[in-house]
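What Swiss-Prot says about this one:
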BINDING   H112, H116, D308  Fe cation binding site
BINDING   L134, A135, S136, G137, G138, D167, G180, N280  substrate binding site
Amino acid sequence: MIKILGIESSCDDTAVSIITENREILSNIIISQNTEHAVFGGVVPEIAARSHLSHLDKALKNVLKESNTKLTDISTIAATSGPGLIGGVIVGSMFARSLSSALKKPFIAINHLEGHALTARLTDNIPYPYLLLLASGGHCQFVAVLGLGKYKILGSTIDDAVGEAFDKVAKMLNLAFPGGPEIEKRAKLGDPHKYKFPKPIINSGNCNMSFSGLKTAVRTLIMNLKEINDTVINDIAASFQFTIGEILSSKVQDAIRAYEQITNNFDKKNIVIAGGVAANKYLQKILSSCAKTYGYRLIYPPIHLCTDNAAMIAYAGLERYNNKLFTPLNFSPKARWSLEDISN
C-alpha cells in the first residue's frame, strides 16, 4: 500500500499526516501555537520557527503510532517548501529532506497554496478543471485549476488578504486570536446592517480585490464611537462580515466570467473555496447561493481541512508521486512562490 507522509510548517501550525493511495487519511495531527502567539495578537515568525523545531519530532511519532505505520512503510515524504514564513518553511523542509535521505525515500517539495488548491480532490474527488477561491490569512486569489501544476491566477487582493482583514478587525475590537472565528461568533449576535462599510473596487470589472480600505473604515468608526460595548462589537462584526460577503459574492461573478473564457468544460461546474476563511459558515452560505445562481456547485472542505494541515500536503504529494514528480534534495525553500511558478 502506498503511504504518503505530509509535513506542514508554513505559519503557526505544526502538522504531520499520513494518507493512503485511496485518499484515506490514516492520521492528521496539528499542534497549534495559538497560545504562544495570542499575547502578541499575531504570529511572531521566530517563535513559530522555534516551536516547529520542538514539535515536529513529537508530531511524527504520534502520527506513526495513530496510523499503525512504521517509517519504513512510507512511500514518499512531501513537505511544504513555500510560500510562508521562511523560518518555519526551512524547519519543515529540512526535517522532511533528512527523513528522505535517511530512509532513501523520494522527497516532494509542495507549494503550500497547491495543497489548499487540491484539498477538494482529497475530500470530494472532483475532476479538473475547477474555479478556486483561495482565502486565508496570507492569500486571497481566484485561480483556474486546470490540472496538476497548471494554474492560472485570475485575480488577487491588491493589499490585505481577507483572513488578515478578519484578524486585524478582531484585534481592533479586542477579540481573541485568531480573529476569524471570533468575528464569526460575534456576528451571529449582531445587526449586519447597522453600519455601512465601503466595498473597495467592487465594480472594477476584474477579479482583483481590496480589503485595506474596509479595514481602515472599521478602525475610523471605532475611533469615533463614544462607547464600545458588547452590542456595538457584535454589530461591527456582523456589518464587517456582511460586507466581506458582498465583496466576495460580486468578485465570484467576475471570476466565473473570466474562468469561462479560458475553459470549455461546462458540464462539471465546480467552485472550490479553500483556506482558513473557507471555514466561515456565513460565507459558505452566501457563496453557495451565488454559485448556484450561475449553475455552479460550491465545494468547501470540512473545517479541520480548511485551515493549515498536513493531509492536504500529503495529498498534493500523492498526486505528484503518481506522476513521478519528485524533487531533488538540494531544493531551496521559498518565502514567496506563486502557483503559476510551479513546475512539473
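Placement of Cβ uses the backbone N, Cα and C atoms for every residue, glycine included.
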Neighbour-count leader, CB within 10 A, binding-site residues: D167, D308:
D308
Report, in whole Å, the straight Cα-to-Cα distance of D308 (Fe cation binding site) from G137 (substrate binding site).
10
Among H112, H116, D308, which are recorded as binding-site residues, the nearest neighbour of A135 (substrate binding site) by Cα:
H116
Surrounding CB atoms that lie within 10 Å of the CB of A135 (substrate binding site), all protein chains:
29
Starting from the Cβ centroid of H112, H116, D308, the recorded Fe cation site, name every other residue in that chain with its Cβ within 8 Å, sequence order please.
E8, S10, T80, G84, L113, G115, S136, G275, N309, M312, I313
Return one of helix, strand or coil for L134 (substrate binding site), based on DSSP.
strand
Which residue among the binding-site residues G137, G138, G180 has the fewest other Cβ atoms within 10 Å of its Cβ, if you could check?
G138
Sequence-distant neighbours of S136 (substrate binding site) in its chain (C-beta under 8 A, six or more apart):
H116, A161, V162, G163, G275, G276, V277
Fewest other CB within 10 angstroms, which one of the binding-site residues H112, H116?
H112
To the nearest whole angstrom, what is the C-alpha distance linking D308 (Fe cation binding site) and G138 (substrate binding site)?
11
How big is the gap, in Å, between the Cα of G180 (substrate binding site) and that of H112 (Fe cation binding site), rounded to a whole number?
20
Enumerate same-chain residues with a sequence separation of six or more from N280 (substrate binding site) and a Cβ-Cβ distance below 8 A; give 'none' if the list is empty.
G180, E184, Q241
Rounded to a whole angstrom, what is the C-alpha distance between L134 (substrate binding site) and H112 (Fe cation binding site)?
11
